[in-house]
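Reviewing the structure listed below.
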Amino acid sequence: MIDMPLLPLIILMTSLGAAPVLLALPERSARLRTGLNLAVAAVKVALVIWLAWKAAHGVVYDLRLSVLPGLDLHLQADPLALMFVALSAVLWLVTTIYSVGYLERGPHRARFFGFFSLCVAATVGIAMAGNLFTFLLFYELLTLATYPLVIHRGTAAALRAGRIYLIYTLVGGLALLLGTLALWGLAGTTDFVPGGVMAEVAAERPAAAQALFVLLIAALGVKAALVPLHGWLPIAMVAPAPVSALLHAVAVVKAGAFGIIRVVYEVFGIELAQGLGVTGPLIAVAAVTIIYGSLRALAQDDIKVRLAYSTVSQVSYITLGVALAGPVAAIGALAHLIHQGVMKITMFMAAGNLAEGLGVKKVSQMDGVGRAMPGTMAAFSLAALAMIGLPPFAGFVSKWYLAQGGIAAGQDWVIALLLGSSLLNAAYFLPLLHRAWFRDATPEAANAPARRKISLWLAAPPMVTAGFVLVIGVLANAPFSPLEWTRFIVTREFNGGL
Amino acid sequence: MTDVMPDPLTLAILLPLFGAIAAFLLPRAAPAIGLGAVVATAAAIAVLGHLVVQAGTIFVPLGGWGAPLGIELRADGLALAMLGLTALIALGVGLGALAAFAGETEVGGQPMARQRAFFWPLCLLLLTGMNGVYLSNDLFNLYVMLEVISLAAVGLAVLGGTVAALRAGLAYMYASLLGALMMLLGVGFVYLQTGRLDLAGLAGAPDSAALSAAFGLMLVGLALKTALFPLHFWLPEAHANATAPASALLSALVVKAGLYILLRLAEAGPFPGEAILTLMGVLGTGAVLWGGVQALRAERLKLLVAWSTVAQMGLIFVALARAGLEGLSDSWRAAALLILAHAVAKAGMFLAAGRIKDVIGHDRISELDRSAVRPALAQLAFALAAISLIGLPPSLGFIGKWSLMEGAMMAGNWHWVAVTMAGTLLSVAYFTRALTGFLRFDRVRAPLDEHRGWALADAPPVVLAGLAVGLGLAAGPILAVLDLGTPFGAIP
Amino acid sequence: MIALSQATIYGLAGLAVFGLGLMGVLGAAERLRRLIALNLCAAGAGMVLIAAAWRSPPAVPDPVPHALVITGIVVMVSATAVALALIRRLHSLETDTDD
Amino acid sequence: MTVLLAFDLLLAASIVGLAAATLLMRDAFAMIVAFIVFGMLLALGWARLVAPDVALAEVAIGAGLSGALLLRTLAHLRGGGLSAQGGASVSAPTNGATQGINALLAGLATCALGLAYLGAPQNVPGLEAHVTDAMPESGVTHPVTAVLLNFRAYDTLMEVVVLLAAVIVVWQVERGLAETPAPALGTVYQGFARVALPVAVIAGGYLLWIGAEAPGGAFQAGAVLGAVAVLGLLSRHVRPAPAHRPLARGTFVAGTAIFALVALGVSGAGRETFEYPPAHAKTLILLIEAMVTVSIAATLAALFHGREPVTVATGKETT
């Protein structure tokens, strides 16, 4: 195969370049738009596979563009980046298919798909950012690209949600800017380097290093929805279903979590972070978020809001695993980054189908929907069971590693935390499944005028991702499974500490 | 310089002048002549750029006399960057003007045909003045150039012919004249002290009361011309009530002339003290906050954009002050980057605002969302420009703000970082008001008129705003151009 | 003690005229009056320049400031004409709409 | 010496006094008259400082033409039916306290400037020595003309550009034929005009010619010729009509165009822009001055007339 040093850039440009074209396409050119969307998404998956194949064979990708003296825009394709890029490429393809069906007759499709594409480009940029400066750039781009998606419906409620979303994320972005500036000022570099770049600074000015850690984590914690910075996430549920799916599975929330991984491992270095005594508070925050999110989820009647609080809780598993500072926990964290994405996207797409097909938006309306939409609800149920942590599904694998990691780190209480969380997960998901499968539909619901048959564009994607949930759980130990990949990454981050 | 004939510096000034003359003589052909002149000027600037890259700073002693007796033109990286910027914006605004003045008549204002005919001579005279300022190395000549700019700018500000525009134009005229006259008296004091008029004459001058008076007068005069808070009173109405292409030129370019001269004065030195520089930063802070608050309260879109100019100009002063006198030899870069960023973005934004106003029929912010017609591309251009003005990556505005904050942080001046952050938040808040109007749909009564494709009129704002965002990636080359001929001496 | 030369006398007078003009610009409410105040500022600045051209009596005065002031006068009359045109136009429009 | 010094003191005091009086006059007409007298006295002061060119320019343009422009505008404003007192339209009234603070600030600033002026060195060499050295190569013998049209010709070109800009803006702002005719001159004055016009033309030509060697030059000559044209307008010898526009436009730009073309044309072959070949310097300078004079005269007259002569469709044009 020929060598393509620009491959990461090309992958970025597939969606970045498609965005303006999609935006400029007239509203009526629906077919052209769909074709372009799918083609670009498919090409991207192919390119990512190619990139992974090359990278696995030792090709190093490293692209730099000097922006200011000493500051580069830096794209690279380390294993961690590859993992996140692969996740976003695959899920983007699925979500694009779903969106085509979802927005079939809706207004502003040009705008939607343009920004949708931009959003994925930002995610790819975040994944492949080789330094915090580049990360910041795409992090802000993500904010901007998602805003029009969140307010897509253009109602007062949507705009209010959008405003809250913007305020949270832009303030978080400002904090990240300040943190990046401070890192640049203190360490003289913003590069992501395994083992970190802060050793000297921490030795000389530990207080400054601690402050910087807090600042950066808080900045990223906004998007990662760490309590108490999570306020925007449940409100942003006014967005159309595919947007919520993308936001929760790969784009926004994951960008925050991914940033935390980069900062802890490659800006500070896990040992330094431990030495600075900042991982302990981070564990505490993560633990509180896990429990708090679950408790709030219990009380929600709106399906999407319940799922949103579930995300608050589940994404903090990643933070927890990172902060536990052991290789096993790290594997759990990284694996959960992928697993949670696949599970959550399934549930959101399924929830969207319920709303589209049956007009069901609340838990209390879910009686008997399993019989009305068996495929969709099967996918939903599978993902929910996985989320609870039932073996052999994906969620179980990551929770297993997290628990092991907790023991390895001497924090046995983590097991209690995970068990408690799983119980709560069960408490807020099982009633849904019970209603869907074991109760009869109320007569009004059965004859509701909102009922319509959903197209294959909508029905297929959640079933496909549910298939992923099954496969990555059952085949967790197969080569090239997400779990194996994370093992490989963690080996690298911990300098062969496994 | 004599090997090239005639030299591109003079051409950069005289080509637009010839264009203005031709456009005035042949009103019907004015748009074609105007665009041709802008392109020719850009070509001269390209030649000049080639020379500056090769030789560094270039001096042209006009008439062969040389300073101090004669007037010298001087071109270095900073001048080159400003020339290029001005040509770019003139081209963009000129193309935008083709569409903006395409209609027949406007209620209560000048007939469109007259606006079209008079826009070009004035625009080209403005270009003559701007390019003259960038290349000038002589204090009195700078005063004359400022007056050329003033008259052309006033003409552009009142082009629409409405009462509001005329009132604002007259207030602008008075402020502009007073600023120029202060500059003139300052020049008198310089002559009193040094006996010469070239900028180089300032360099070796001893610190004295007369020189302080000269600097004081010139700084106040230029602050008035650049609308530094609290001398900004004339700007919002003048910029908001002009027709869109004129607003774009006024906001993007005209206010920059004063700033540029200020940079040149600071370069020539001796700058009258740390306290004055800090005061400029403090007033800049005032502008950032007051301009931001007023933009939040503005009822019309163009007024919001005009107030944002006040805030952004303030930010440029903060950039100059960010690291004190010691740091001035680097701070000017941050200021220059912000000048470039603001110019490109604001030109795009005003053109976009004009398009929005033309298509929707008004620019009342609270009622933008009632319109069934949505000029999608103009709104996109507005949003893109806003990204740069807010300072989000990767825009040029971001690079400018980054440089500002980086220098302030390195010098330990965290208060300037805080001001920048506050300004950023304010700008998010006020631009979101406009975006909300663009994106809200539940108050529309009539069926929505969907985006149906491109109109040529959308291209200039979209391209300018896109450049404002994209040029951030070219910050490296831009900085390299700025450093040609090492303005402000060697890099510290 | 500063020698009271012609230059000093006219220079200080020029500053005084400039200052009066400044007060007028800041204080006057009428358009014409403010314009005349600006013209006074210009005259004052011109006086300072001409005074700066004045050396000890036997020598020829420096012609450069003279040329500058002539330029200044022409520039000022141009600006005045523009301002007056604006004033006239505004007056017409305002009296029309007031009716 | 002391007598002269006393005269200077008295003159300077009168100048300042008239400046103050101008601003304090309540009646707009009186204010303008005071301003014109101020200009005359100022010219006298400049003559005392051996600046005859400047004095001439001030009388002709600074006081004369500006005064005429102001009076014409006042006539327009009063023709609009306003009371004599309010002749000048009132903008937003400023409150007393603000006015007081402004006056105080302006006063303080002026005092500070005065102190700085007194502290400035009195005998710094200016550029006179440079001028004297370069005079032989300038092509003219009068130093001020040499500065204006050779050493700092670029400034002068831009000054003509300012005039051009002014007339463009004025035309743009106002349009239409004057529906209320300019204050016509009585028959006596018309007779006077018939005699005065040719005399003034000759005087203008002379001023232009003499400028090369003695005080005078393009601007003064242009002002005199401009005054001729103004007189022509007032006496109805000249009636601007739409058909005159191309000619008028051509005349406005001629000075600028020739000036700039010569400046560019002489460059090359080792010479910079504006660097006249010594052999042709005088000719070229005279050519430029002649064209500039014509342009200035036409421009000043147009500024006085104040509107582009176009026919406006509507019966009652909202001028």
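Backbone N, Cα and C atoms are what each Cβ position is placed from, and that goes for glycine too.
Nobody curates TrEMBL annotations by hand; they come from automatic prediction.
It should be emphasised that the depicted structure is a prediction, and the values quoted were computed from it without experimental measurement.
The feature transmembrane segment, as given by TrEMBL for the ranges A:6-26, A:132-152, sits at A:6-26.
Through the fold, the transmembrane segment (A:315-335) approaches residues 80, 83, 224-226, 253-254, 256-257, 260-261, 264-265, 270-271, 273-274, 279, 282-283, 285-287, 289-290, 293, 397-406, 408-409, 411, 414, 417, 482-483, 486-487, 489-491, 493-494, 497-498 of its own chain, all at least 6 residues removed from its boundaries and within a Cβ separation under 8 Å.
Across the domain 'NADH-Ubiquinone oxidoreductase (complex I) chain 5 N-terminal' (A:71-113), DSSP classifies residues as 29 helix, 6 strand, 8 coil. Between the transmembrane segment (A:207-233) and the transmembrane segment (A:277-295) there are at least 3 Cβ pairs closer than 8 Å, counting only pairs 6 or more residues apart in sequence, which means the two stretches are in contact. With a cut-off of 8 Å between Cβ atoms, the residues of this chain six or more beyond the transmembrane segment (A:245-265) that come close are 80, 84, 87-88, 91-92, 95, 98, 116, 119-120, 122-123, 126-127, 129, 132, 135, 139, 142, 146, 149-150, 169, 176, 192, 194, 196, 213, 216-217, 220-226, 233, 236, 239, 273, 279, 282, 307-308, 311, 315, 318-319, 322-323, 330, 333-334, 337, 340-342, 344-345, 348-349, 352, 493.
Long-range Cβ contacts of the transmembrane segment (A:112-129) within its own chain (Cβ-Cβ under 8 Å, at least 6 residues beyond either end) map to 8, 11-13, 15-16, 18-20, 22-24, 33, 37, 40, 74-77, 81-85, 88-89, 92, 95-96, 99, 103, 106, 135, 137-139, 141-142, 144-146, 148-149, 152, 192, 240, 242-243, 246, 250-251, 254-255, 258-259, 262.
When Cβ-Cβ distances below 8 Å are used as the criterion, the transmembrane segment (A:413-433) is approached by residues 287, 290-291, 294-295, 297-298, 300, 303, 306, 310, 313, 320, 324, 363, 366, 380-381, 384-385, 387-389, 399, 402-403, 405-407 of the same chain, each at least six residues removed from its ends. If one looks beyond the transmembrane segment (A:454-476) by at least 6 residues along the same chain, the residues whose Cβ comes under 8 Å of a Cβ in the stretch are 91, 94-95, 97-98, 100-102, 104, 338-339, 342-343, 345-346, 349-350, 352-353, 356-357, 373, 375-376, 378-380, 382-383, 386, 391-397, 482-483. Away from its own ends, the transmembrane segment (A:164-187) comes close to residues 71, 132-133, 136, 139-140, 143, 146-147, 150, 197-198, 200-201, 205, 208-209, 212, 215-216, 218-223, 229, 231-232, 235-236, 252, 259, 267 of its chain (Cβ-Cβ under 8 Å, at least six residues beyond either end). Outside the transmembrane segment (A:80-100) by six or more residues, the chain places 11, 15, 34, 37-38, 41-42, 44-45, 47-48, 51-52, 55, 112-113, 116, 120, 123-124, 126-129, 240-242, 245-246, 249-251, 254, 258, 261-262, 334, 337-338, 341-342, 345, 349, 352, 457-458, 460-462, 464-465, 482, 485-486, 489, 493 with a CB less than 8 A from a CB of the stretch. Counting only same-chain residues 6+ beyond the ends of the transmembrane segment (A:6-26), those with a CB under 8 A from a CB of the stretch are 32-33, 36-37, 40, 43-44, 47-48, 50-51, 54, 61, 63, 75-77, 85, 89, 92, 110-111, 113-118, 120-121, 124-125, 128.
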